[in-house]
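A.B. asks: Just dropping this structure here.
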Amino acid sequence: MNIERIRQPFIENFPGDFSNNPMQRNTPKVLFATIKPAGFDKPELIAFNEVLSEEIGLGKFQEKDLDFLVGNNLPENIQTYATAYAGHQFGNWAGQLGDGRAILAGEITNDAGKKTEIQWKGAGATPYSRHADGRAVLRSSVREYLMSEAMYHLGVPTTRALSLAFTGENVMRDIMYSGNPQLEKGAVVIRTAESFLRFGHFELMSAQREYNNLQELADFTIENYYPEITSTDSLKYKDFFENICTRTADLMVEWFRVGFVHGVMNTDNMSVLGLTIDYGPYSMMDEYDLNFTPNTTDLPGRRYAFGKQGQIAQWNLWQLANALHPLIKDEKFLENTLNNFGTYFWESHDQMLCKKFGLDQLRKGDEDFFTSWQGLMQELKLDYTLFFSRLESLAPDSDLKEQFKDVSYIHLNEEMLAKLSHFITTYEARLALNSISKEDSVTMIKKTNPKFILRNYLLYECIEEINTGKREMLEKLTKALENPYQELYSEFSGKRPSGYDDTAGCSTLSCSS
Ligand code: AMP
Ligand code: MG
């Protein structure tokens, strides 16, 4: 791999703490602290993303590169660092957080000039580890590696994953926070993104009243990642905030389209580039349920439930607005922009639903149609992905009982089947209003609705298998997630098997990673 191409423009641009001291501490007035990965004696490769490596300019993987994948024996050109950020967690101000388990190698530029940041997750403690160890376990690393790539191939903006390797070290974790910690295999993922900057980076600068750093960080972000912004002075920061709002709304719509629940939408897990970032206790949705949250820590309030993600994004943007206020200094503007977020989000959301149903455009009555659909989905406990995959082959004489067999998580009685049938009749009447052809409508359905989603139970099985030394399922899942709009493996395209309904790691997950 061409690791000699990696540079650290971030640390050249901002004040930092160059002590390499791992002691956990607050680091006011600086944006990062240099820190070395812990180093691991017996790394072992689990998976490597060759296509991504070539694409970002890192090139081919050779045996000797294994060290780099876990952060061992780094060359001179790589001065590694962790960045400081803050955040609101579960609605409360949490103060300084920072890269506690991520260490940045820097940035690489490919031949076409495209820049990509590279970081290890799980390679050791940093000043921001907050009494934790900076390590990651296999299960959370497999989940991040596979899901971020699955999202990419679904077409959802996301950070990506380059490699997955065992560290050869064990890590102690209490998965269910039940007082029974156990040793688990440690692993490191290398993840990449155009930038890992979060809302929390801006919140920290603002909370510490470091307005000069705040402005320089905003300027850096705009210059590097928002080339479309050409305005100057305070107008530039207004455009910046508006652009973040739009990208965030677009991202939420995409999460709704594919049925993704992030699980921990704290402001420190919100990308200023509108990327899906920090794959923790996330889940793809099996049975449609607006109230579904996979995160056991979130069960009491269900703050981050599937159906609330749009509102929560808006709440998080409020916090970002407060953070950017010293640069924008216009409350009315910020308020209007946040209100527009709601309008824009719901409009885009409904247009997205139109596409899922193969409808030409949002027409009068469609909102009621969607509401009745949501009621039907929840009452009949229908699988979100499978429901839509059945629509493309609906014919006027379809046997619905047959067609929707194995789509529900409960037995559908006659009354329920009658409701389904009534809904389909309404749907067909709506399709008849389309100004596009039947073929175009079906093409739209096929392009919008995945055939394969990376369900939690599949990840669970894959992790179990890797733990026994096998890689068959990992390889198959990788192929499946690279082609989510096709059905490559019928064994992966059904609903969640009933045996997994209450399995920890399938239906619910903790943050313990
Ligand atoms: P998360 O909820 O995973 O986004 O993490 C919240 C904060 O805790 C971030 O600052 C993380 O870097 C930090 N953190 C989480 N797990 C660990 C760990 N194992 N070691 C060090 N820091 C961690
Ligand atoms: Mg995080």
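Glycine residues also receive a Cβ, built from the backbone N, Cα and C atoms like all the rest.
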A.B. asks: R143, R191: which one does TrEMBL list with G98, G100, R101, K121, D133, G134, R198, D278 for the ATP site?
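C.D. replies: Among the candidates, TrEMBL records only R191 at this ATP site.
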A.B. asks: Mind giving me a neighbour count for N269 (Mg(2+) binding site)? Other Cβ atoms within 10 Å of its Cβ, every protein chain shown.
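C.D. replies: The Cβ of N269 (Mg(2+) binding site) has 22 Cβ neighbours within 10 Å.
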A.B. asks: Identify which of the following binding-site residues, namely R101, R191, D278, place a Cβ less than 6 Å away from any atom of ligand 1, and list them by sequence position.
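C.D. replies: Only R101, D278 qualify.
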A.B. asks: Could you check which of the binding-site residues G98, R101, D133, R191, N269, D278 have their CB within less than 6 A of ligand 2?
C.D. replies: N269, D278
A.B. asks: Cα-Cα separation of D268 (active site, proton acceptor) and G98 (ATP binding site), in Å?
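C.D. replies: Between the alpha carbons of D268 (active site, proton acceptor) and G98 (ATP binding site) there are 8 Å.
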A.B. asks: Give me the count of other Cβ atoms within 10 A of the Cβ belonging to R101 (ATP binding site).
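C.D. replies: I get 23 for this one.
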A.B. asks: When you measure from the Cβ of G98 (ATP binding site), which residues in the chain that are at least 6 apart have a Cβ under 8 Å away?
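C.D. replies: In sequence order, the residues whose Cβ lies under 8 Å from that of G98 (ATP binding site) (at least 6 apart) are T27, A82, T83, A84, Y85, T126, P127, Y128.
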A.B. asks: Whole-number Å only: compute the distance from the Cα of N269 (Mg(2+) binding site) to the Cα of D278 (ATP binding site).
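C.D. replies: Here the two Cα atoms are 6 Å apart.
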A.B. asks: Which Cβ among the recorded positions (D133, D268, D278) has the fewest C-beta neighbours inside 10 Å?
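C.D. replies: Fewest other Cβ atoms within 10 Å, among the recorded positions D133, D268, D278, is found for D133.
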